[in-house]
Every structure is written in structure tokens, then in C-alpha cells.
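Inspection log for the structure reproduced underneath, given as C-alpha cells.
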Amino acid sequence: MAKAKFERTKPHVNIGTIGHVDHGKTTLTAAISKVLYDKYPDLNEKRDFASIDSAPEERQRGITINISHVEYQTEKRHYAHVDAPGHADYIKNMITGAAQMDGAILVVAATDGPMAQTREHVLLARQVGVPYLLVALNKSDMVDDEELLDLVEMEVRELLSSQGFDGDEAPVVRVSGLKALEGDPVWVKSVEDLMAAVDESVPDPVRDRDKPFLMPIEDVFTITGRGTVVTGRAERGTLAINSEVEIVGIRPVQKTTVTGIEMFHKQLDEAWAGENCGLLLRGLKRDDVERGQVVVKPGSITPHTDFEANVYILSKDEGGRHNPFYSNYRPQFYFRTTDVTGVITLPEGTEMVMPGDNTEMTVALIQPIAMEEGLGFAIREGGRTVGSGRVTKIIK
């Protein structure tokens with residue numbers, strides 16, 4: 001049978017299950033998949049628990065992550081759902097941005113309440129910029145006492161509020177993934193209610209095209225008689241011909257006008273997010289711009305050198321370092337298209353960082369980079385990736 005074409009008729013939303021190990025993330029993922037298949041068989045594929053549970057190994061920037069991707073649809077939306085079974089997998093996935101989430105379902109077992117990993121996942125979700133969390137109080141079939149459920153719900157709401165999410169308003173839905181998988185009508189309805197809450201409460205993502213224009217420069221060359229052309233893949237936004245732009249990063253910010261846009265040697269009136277294109281820049285010489293800078297809508301992004309980050313350091317088995325590093329370690333930080341040297345300061349109380357650890361750190365780059373919170377980077381030594389991270393806070 002021919003593979004069905006991806007229909008762009010509905011909003012597409014990336015979502016995931018997060019929370020403590022053994023609280024039932026994978027079972028709930030399978031239950032959502034089954035319940036929606038039973039309700040809308042023409043919109044969904046049949047997926048069983050085993051196929052989701054055997055999360056295949058992926059390599060993202062050299063980091064090994066076990067992760068399952070499940071697709072499903074409600075009447076309103078098309079969802080891509082990621083489930084990272086292990087605690088370490090989840091942390092690597094969040095920090096490396098292997099799967100960007102527009103919202104996440106925090107799974108908390110009603111029998112246990114929030115645990116240490118629950119807290120860590122919520123904190124990390126906030127740091128890497130997951131915009132919205134809602135809660136599935138799983139295994140609710142195993143708690144007979146209504147008051148106990150109320151208490152757990154209160155605890156979860158407090159946890160969300162303490163990490164900067166809307167703990168008062170976030171939906172908390174009492175579900176049982178296992179009972180829903182078994183077809184128990186009461187708990188099947190609970191999963192339907194959960195997805196109705198996801199449909200209603202997770203905001204439609206802002207599409208890349210609607211954001212301010214940004215294109216990292218990959219190459220610069222001169223076209224005789226026409227001027228300087230920079231090439232790259234537009235990361236976001238749209239750019240019309242004759243627009244003013246800024247060139248940001250590495251050197252002082254420069255203003256110029258885009259007088260021509262080309263793709264595959266064809267002239268275009270507009271460049272769109274996701275397209276590889278060449279931009280002809282008025283009045284700039286080849287030596288005025290370089291790889292590693294970005295072409296942006298004026299005023300939309302600024303250059304910075306000092307920032308805080310959350311970082312995962314590759315283990316030896318992943319091809320990372322063989323020994324720990326300390327404060328004042330000076331590797332290269334690879335942002336978008338270029339390496340910049342930076343000096344690391346570890347947080348108070350952290351003596352050293354071992355391969356395979358995740359840590360927070362402060363970094364001072366020797367050259368400014370166009371930066372905003374949530375931006376991902378790789379840490380490299382001599383061209384080899386030894387870590388991956390995201391900017392959590394800009395200092396200067």
C-alpha cells in the first residue's frame with residue numbers, strides 16, 4: 001500500500017510524555033495511541049505497547065538516545081509524540097533538542113506522587129523552553145481514596161508553580177493507561193478527556209515562518225559586477241527582496257539591504273524558512289562578512305558572549321572525553337555554523353564534570369555570537385564533539 005501523504009490540513013503539534021521512571025509514560029503513550037485509533041480508525045495507525053516500548057536507538061550529534069516517535073490525530077490536530085523511556089534518555093533528549101516539544105504531558109503516578117525525577121524533568125522543561133505542561137495523574141484506578149488523589153493533585157500543582165509553570169490553571173487529568181489499554185470504558189474515557197485537554201490547552205505553535213527572519217551564513221563569495229553573496233539555510237521567518245537586514249555576531253553589527261535572493265540559480269522575490277538560498281548584500285565586500293554570523297531582521301537578535309547553559313557531556317563510549325574537566329576548561333563552542341572558544345565556570349559545589357554527566361555551567365566566549373535563550377550548541381575539542389547544550393540564560 002502506498003504511504004499516505006502528510007496532509008497539511010490541521011495544525012501540527014509536537015508533544016511528549018515526561019516524568020519519573022515507572023510512572024507509566026510508555027503505557028500511557030500506547031493507551032493514547034490505541035484509544036485514538038479506536039475512536040478515529042481512519043485517522044490513526046494501530047501501534048502496540050511493545051513497538052513503543054522497544055524505543056529504537058538514535059544518534060543525535062553523536063549522542064546515543066533511546067526514543068520512540070508515535071504519530072496520532074484527534075479531530076482537531078495532528079500530533080508527533082516522543083517518549084524517552086529512561087531518565088538519562090529524557091535528559092539527553094531535552095538538552096540536545098533531539099525532539100523539540102510544543103507541550104508535554106507530565107505523567108505522575110497517583111500511587112507515588114511527584115518524585116525526585118519528576119522535579120528534575122519539570123525544571124529541565126522550563127530551562128529548555130517547553131512552553132506548556134499539563135498533568136496525567138496515572139494509575140488513578142489504584143487509589144480508592146478521593147482525598148488522597150486531591151492531595152497528590154495539589155502537590156503536583158505546587159511543583160509546577162514552583163518551576164514557573166501555571167500550576168493553578170494547568171489541566172490535571174486522572175487516568176489509567178493500563179486500564180485504558182485493556183479497554184475498560186471508564187478509563188478509555190479518561191484518556192479521551194486527557195487528549196481533549198491537550199487539544200484545548202496546549203497552544204498552537206508559532207510556525208517558523210511567522211518568526212523574525214534569521215539565516216546563519218555558511219559561505220560568502222563575490223559575484224563580479226553584482227557584489228557580495230552570502231549563502232545558508234533560512235532558519236526562520238521570511239525575507240522579501242529590498243528588505244533591510246543586520247549581520248550579527250563575531251564583529252560589530254552591520255546594517256545592509258538585500259538586493260537579490262537566489263535559490264538553485266533562480267531569482268526569488270522572497271526567502272522562506274527551511275530554504276537554502278543566496279542573498280545579495282548591498283555595499284558589503286567579501287571581507288566584511290564571514291561564516292558564523294547571521295543575517296537577521298533588524299533588532300530581532302543581539303550578540304552576546306556570556307551565558308548560563310545546561311549541558312550533557314558525552315560518555316567515553318559515545319566518543320566523548322575519557323577524563324573529567326574542571327572550571328577554566330577552554331573548549332570550542334559550535335553555534336549554528338562556527339566554533340568559538342569559550343571559558344567554562346562550573347557552579348559552586350561542582351568540582352569537576354565526568355564524561356556522561358549533565359551539568360549547569362557559565363560560559364564566557366572570546367567573540368560574540370547572535371544568541372537567545374534556548375539556542376543549542378555543541379562543545380568540541382579539535383573538531384570532535386564532546387558535549388551538547390542549550391543556553392538557559394544570557395548574562396551579557
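Each position is counted from 1, following the chain as shown.
Cβ atoms here come from the backbone N, Cα and C positions, even for glycine.
Features reported for this protein in Swiss-Prot:
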type: BINDING; residues: 19-26, 83-87, 138-141; note: GTP binding site
type: BINDING; residues: Thr26; note: Mg(2+) binding site
type: DOMAIN; residues: 10-206; note: domain 'tr-type G'
type: REGION; residues: 19-26; note: region 'G1'
type: REGION; residues: 62-66; note: region 'G2'
type: REGION; residues: 83-86; note: region 'G3'
type: REGION; residues: 138-141; note: region 'G4'
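Here the features listed in Swiss-Prot are placed on the structure.
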| residue | record | CB count, 10 Å |
| --- | --- | --- |
| Gly19 | GTP binding site | 26 |
| Asp22 | GTP binding site | 12 |
| Lys25 | GTP binding site | 26 |
| Thr26 | Mg(2+) binding site | 22 |
| Ala84 | GTP binding site | 24 |
| His87 | GTP binding site | 15 |
| Ser140 | GTP binding site | 20 |
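The two recorded residues the residue listed as 'Mg(2+) binding site' and Gly19 (GTP binding site) have their Cα atoms spaced 11 Å from each other. Under DSSP, the residues of the region 'G4' (138-141) split into helix, strand and coil as follows: 2 helix, 1 strand, 1 coil. Secondary structure at His87 (GTP binding site), as computed by DSSP, is helix.
DSSP gives the residue listed as 'Mg(2+) binding site' a helix state.
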